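Novice: Take this structure, written in structure tokens, and hold onto it; I'll ask about it next.
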Amino acid sequence: MKFLKKAFVVMASVLVLGASSYSLRAQSVDSAMLLHPPADSWPSYHGDYTGKRHSKLTQITPQNVNHLTLGWAFQTERNATIKSSPILVDGILYFTVPDNVWAVDARSGQQIWHYTYPPNKGDHIGQRGVAVYKGWVYFASPDAHLVCLNAKDGKVRWIIEVADVNKGYWSTEAPLIVGNHVIIGIGGDMDNLATFIRAVDPDTGKTQWNFDVTPPALTASTGGTTWMAGTYDPELNLIYWGTGNPTPVLTGSTRPGDDLYTCSIVALNPDTGKLVWAFQPSPHDTHDWDAVEIPVLVDGMFHGKQRKMLMQSSRNGYFFVLDRTNGKSLLTVPFGPVNWASKIDEKGQPVPNPVKEPSPDGVLIAPDEGGMTNFRSPSFDPHTGLFIVDAHPSWSLYFAKPADGTFGWAGADYGLWGKGVIEAIDYQTGKIRWTHELGPNGSGAGVLTTDSGLTFTGDAHGNFLALDTANGKTLWHAGSGAGIASSPITYKLDGEQYVLTSSGSVLFAWKLPSASR
Amino acid sequence: MQRFRDAMLLAVGVGFFIFQARPTPIYAASNRVASIAGAEFQVDLPPSSATPEKPGAGTSAKPGAEAYAHHCAICHGDQRQGLLPSFPPLLGIKHQMTDPQIIAFVHNGKGRMPGFPNLQGDEMTALLRYLGSPALSVTETASAENSNAAAIHSSGLVDAGKSLFQQNCAFCHGRDAMGGETGPDLTRSKLVLSDVAGDKIGEVVRDGRPEKKMPSFNFSPQEVLSLAAFVHDQEAKASSKKGGRRGVDVADLQTGNAELGKQYFNGAGTCAKCHSATGDLAGIASRYQGLQLEERMLYPRGATSRVTVTLPSGEKVVGTLAYLDEFVVGLRDSSGTYRSWPVGHVKYLVDSPVEAHVALFPKYTDADVHNLMAYMQTLR
């Protein structure tokens, strides 16, 4: 009897596995699916909740990657640069530029539908993609509204106002679905505004909770704009979100102290929005260094002990490894030139050097306002233990004087020089194991790694690159014709692995010719 | 022959128009039909997709919106925003033309715009009403009660310019035009101060400033006018406003000691290895001043590099470095001709004296920078 049961389980597993590798299963995007995304999907901003942007797919290898060829290209026919991460479910890709959402066939690149949002006076700097849940697509508009569309045809189900555009709020963020919550953030980092992270009901858009980035009791400062999808640990039931800079931006005199919880990584209970812990990469920021960069969740050994870790390559130039159960620091180390902190304190936080605050006659600062990295995604490769990031060593001048006031920017800054370099950081030590130069000024491309040992990214000239994860050497490249400002994704459909990259306003799907597979 | 050519042009033009005339419903999803069968736009239009769902709102705007989507949207844009430079925006068209003029236009066409003689009766009335309506703002769709919505596009030049500015310029130049993430404070810009009704601003907007990473924009003369109006309005407000991002005055940069700067120039700064106060830097402070001088001092953008390429034959080609990535090296030789090679096929050596500036960044103290700046300012 026991044998029969075992045999049945084995048979059933084989059937399920077989089915999944040969045909597309109908995917209902629910909580279970988001926890274990199948290979023929990329159902959330980072592909999965960890933010590692590492794929288990192995069809494209260091040996055959030089055969990679264009599967298709999709022209948005818009001026806006694609900065979004496409979402893939049921063979359909969903991606955005401000005011626009497309649904495109992931096999052929053919458009299925296109939604356009009405003209509005929100900030149109960028749009980072949608979230999909149970047949609905969630899209944040430039004027801080949340739009719910039918995934089948793009028709509007509802539109809610998240924050008032007339006050200066705007939005670029890709929402994140956790359980029965659509989690969103809003922008407004130049108008001394109070900002928040919000969870809304996926069916009605009704607010479930708000987390105030600058808690009312402590609000000497404003700001803290959140604009990147966070990550989620289902075991601890915590979401991890990066928050933006305080305002006034370059003048800190009216907001003494650390300005909690701006420029922070906050760990929140996704069901209540309650803060469990916070870690602040940039206490009392006066350089516009939003700490919104992806909080990457990694389980593994750290100095001989099994840990649940959180890693962030922060815009301020420091690489952080935290224990994500409690926010305690395991490692803080710069990953390029930084000169604004006097020391690292016992909590692992850099302590700002007062002489490096913006001044009337200017101070020389590294990195520049764009930071050592920014919204582009890093990747963690579990085989090599490498945290791979598109870095931006850079220098700039920062100015502020009393006459600049205490509203908005309240100062001025000017980048002097910068370049792009892919860095492979050993998370145990913070040492950089290899680097790959990308060219002057820098690249905006994110990083994707795969189980076969490949690293996909782009350089400052608009070349798509496939590197050997072991040593950073280039194995394949293709000129794309424009700057790259998104992070690659990969998926497998009908037995074929695709790598998706964007450049300018075009989306490119790469795969192997059938003979090379 | 002339007549034949005209007929051909007309036929091609009409064919192109029909090919282009695919269904493009507004404010909602549209299906871009993959094949040329999309020309059957008359039957393809989904009747219910004209507006987003709007709780409690009437349907009176719908026939006009549908007529617009049918006949006009393909050229003038889903939201009447125009597709510049060829097709003008129709938002606010009723401020420029009377109803009879619009009707004549629609029936007869003009230039590359075809006539629509069959557009008559209720459909034409609805279209006229729709063309006179303000842009559909989201505030309307989200909360039908909000009466501010109509103000977005219907008020004066400054307001129109404000909307354009906030969508296209604010991220770099700040919402108040007083400077933002990467762009300078326009309210203190010399160019803005000398601008009259967009004559100078328009040039920068249309051509961009590639060396400063400012893109070029396609705006109509009317839009440039409104942008300039907004910027000048902000300029007027700036003097009374307390905050915002402010520029750097020459007076701000006078805290250094010129004598110490000279010592640094000849000593620890190693500047004298490449530069001379009486040679290449003679009169530098007359050519540049203030922040511009300081930025050039720290890193002169756009400085040229020389490259020597050795071909497999042993021949050496020398020129100005024009392109270099990890795959291709390109140069301009002494005759100005561009030549390039795959880097694997040649040997090359780049001479970039400007890189010495990068090596100095970690070594400067702020006092060094201020002193050096003071010294540079004496080189008139």
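Any Cβ shown, glycine's included, is placed from N, Cα and C.
As annotated in TrEMBL:
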DOMAIN    B:59-135  domain 'Cytochrome c'
DOMAIN    B:156-235  domain 'Cytochrome c'
DOMAIN    B:256-380  domain 'Cytochrome c'
Novice: Helix, strand, coil: count each for the residues of the domain 'Cytochrome c' (B:156-235), based on DSSP.
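Specialist: Breakdown, helix to coil: 51 helix, 2 strand, 27 coil.
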Novice: Give, as a single whole number between 0 and 100, the mean pLDDT over the domain 'Cytochrome c' (B:156-235).
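Specialist: It averages 82.
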Novice: Please spell out the DSSP helix, strand and coil residue counts for the domain 'Cytochrome c' (B:256-380).
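Specialist: Counting residues per DSSP class in the domain 'Cytochrome c' (B:256-380), I get 45 helix, 29 strand, 51 coil.
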Novice: What is the three-state DSSP composition of the domain 'Cytochrome c' (B:59-135), stated as helix, strand and coil residue counts?
Specialist: 39 helix, 4 strand, 34 coil
